[in-house]
Amino acid sequence: MTFRKSNVYLNLVNSYIIDSPQPSSINYWWNMGSLLGLCLVIQILTGIFMAMHYSSNIELAFSSVEHIMRDVQGGWFLRYAHANGASFFFICMYIHMGKALYYGSYRSPRVLLWTIGVIIFILTMATAFLGYCCVYGQMSHWGATVITNLFSAIPFIGKDIVLWLWGGFAVSNPTIQRFFALHYLFPFVIAAVVIMHMMALHIHGSSNPLGITGNMDRLPMHGYFVFKDLITVFVFLIVFSLFVFFSPNTMGHPDNYIPGNPMVTPASIVPEWYLLPFYAILRSIPDKLMGVITMFSAILVLLVLPFTDRSVVRGNSFKVLSKLFFFLFVFNFVLLGQIGAVHVEVPYILMGQISTFLYFAYFLVFIPIISTIENILFYVGSRNNTDDLK
């Protein structure tokens, strides 16, 4: 027996990474998991080194970021790699989730895997928001003010919760200090949940583009799929380096190069681009409480997907209607992101409300109806084939 199998610790690594049996038909969309792991490592490492030079005091937070950029050797690289790493983390995560939606990876027996994935998504959004506030630029200050103010919509106790979050009567020194403490903690929580995600994946193995159980047609992870993962890793690092070295502020906001000033309100208050679709859903509802409920529901509705999809065939590879509505959903989601970035005015108000309705309708109305129609068509087609054989 080889050492990697006899050693109790290396045997775990071996069973998950080296000898793990993978379906032979999986394509490059399945490489997003390894890229997400790489992004998490980049974020944790750059974050730890930046935390050595960052000060969470509100009087020094903005200056300490500039100190990292100007005085710390390689500090500019740490800051830009961390900021752009967050954007690339969400790019890979949205692609990973889109792959799961398209190929039906949320279906039984992988409901637990999907649920843990949604939890990782929520934790990642929370971590990104907390980190965005730590910069304490102009947009960070007002973003923190607006988003934390959402809790005031909770009846009876909402205002007390906001004061508790702030540690005062406005975003102030205690706010930034506790946000930084949580921002430092959450990536390690995410790493722990990622391990749970891999454990859940290990129970039934990866799905495949065909949507069938392929236990008889599998290959070891190393060196077939490890090599395939390395290809996308190199492509990712090239694109990531282009942004870090040549266009580091493309996915940021210029107002964050201005120190946070509670006396001056920006022309428009917007979060980072990866939160814009949910920000658009929040703004599409006139009532504050209902807007907050709708925004959180837009994330939690992902958890009902395994129960609303009643199709007898997993995935959309062989389903024309499901393909059409999936790509319409993707277009609608991108449109929500664009609407979240513009001012609340005509015609974007109505467009946001229609897009929000279509977002929820996809999960709660379209998928159940389409899966039922396709089940009937599959049944009719199978009966016709049976009659032809007779």
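Glycine is treated like the rest: Cβ placed from N, Cα and C.
What Swiss-Prot records for 32-52, 76-98, 113-133, 179-199, 225-245, 289-309, 321-341, 348-368 is transmembrane segment. Annotated heme b b562 binding site per Swiss-Prot: His82, His183, in sequence order. Taken from Swiss-Prot, the feature heme b b566 binding site applies to His96, His197. According to Swiss-Prot, the ubiquinone binding site annotation covers His202, on the basis of similarity to another entry.
Counted over residue pairs separated by six or more positions, the transmembrane segment (32-52) shares at least 3 Cβ pairs under 8 angstroms with the transmembrane segment (179-199), which defines the two as touching.
Distance from the CA of His96 (heme b b566 binding site) to the CA of His183 (heme b b562 binding site) is 23 Å.
Around His197 (heme b b566 binding site), the C-beta neighbours below 8 angstroms that are at least 6 residues distant in the chain are Leu113, Ile116, Gly117, Ile120. Annotated pair His82 (heme b b562 binding site) and His96 (heme b b566 binding site), C-alpha to C-alpha distance, rounded: 20 Å. Same-chain neighbours of the transmembrane segment (76-98): 29, 32-33, 35-36, 39-40, 42-43, 46-47, 49-50, 65, 68-70, 117, 121, 124, 128, 131, 236, 240, 243-244, 248, 251-252, 272-274, 302, 330, counting only residues six or more beyond its ends whose CB sits under 8 Å from a CB of the stretch. Simply put, out of 225-245, 289-309, 321-341, 348-368, 289-309 has the most Cβ pairs sitting under 8 Å from the transmembrane segment (113-133). Sequence-distant neighbours of the transmembrane segment (321-341) (same chain, 6+ residues past either end, Cβ-Cβ under 8 Å): 98, 101-102, 270-271, 273, 275-281, 283-284, 311, 348, 351-352, 355-356, 358-359, 362, 366-367, 370-371, 373-374. Taking CA atoms as the reference points, His202 (ubiquinone binding site) and His96 (heme b b566 binding site) are 17 Å apart. Within the same chain, the residues at least 6 positions away from His96 (heme b b566 binding site) whose Cβ sits under 8 Å from its Cβ are Met32, Gly33, Leu36, listed in sequence order.
Listed by sequence, the residues of this chain that lie at least six past the ends of the transmembrane segment (225-245) yet keep a Cβ under 8 A from its Cβ atoms are 17, 22, 26, 28, 31, 34-35, 38, 77, 80-81, 84-85, 87-88, 92, 219, 251. Residues 97, 101, 104, 106-108, 111, 114-115, 118, 121-122, 125, 150, 153-155, 277-279, 281-283, 356, 359-360, 363-364, 367-368, 371 of the same chain sit 6 or more residues outside the transmembrane segment (289-309) yet have a Cβ under 8 Å from a Cβ within it. Mapped onto three states, the DSSP output places His183 (heme b b562 binding site) in helix. Other Cβ atoms within 10 Å of the Cβ of His82 (heme b b562 binding site), summed over all protein chains shown, number 20. In the three-state DSSP assignment, the secondary structure recorded for His96 (heme b b566 binding site) is helix.
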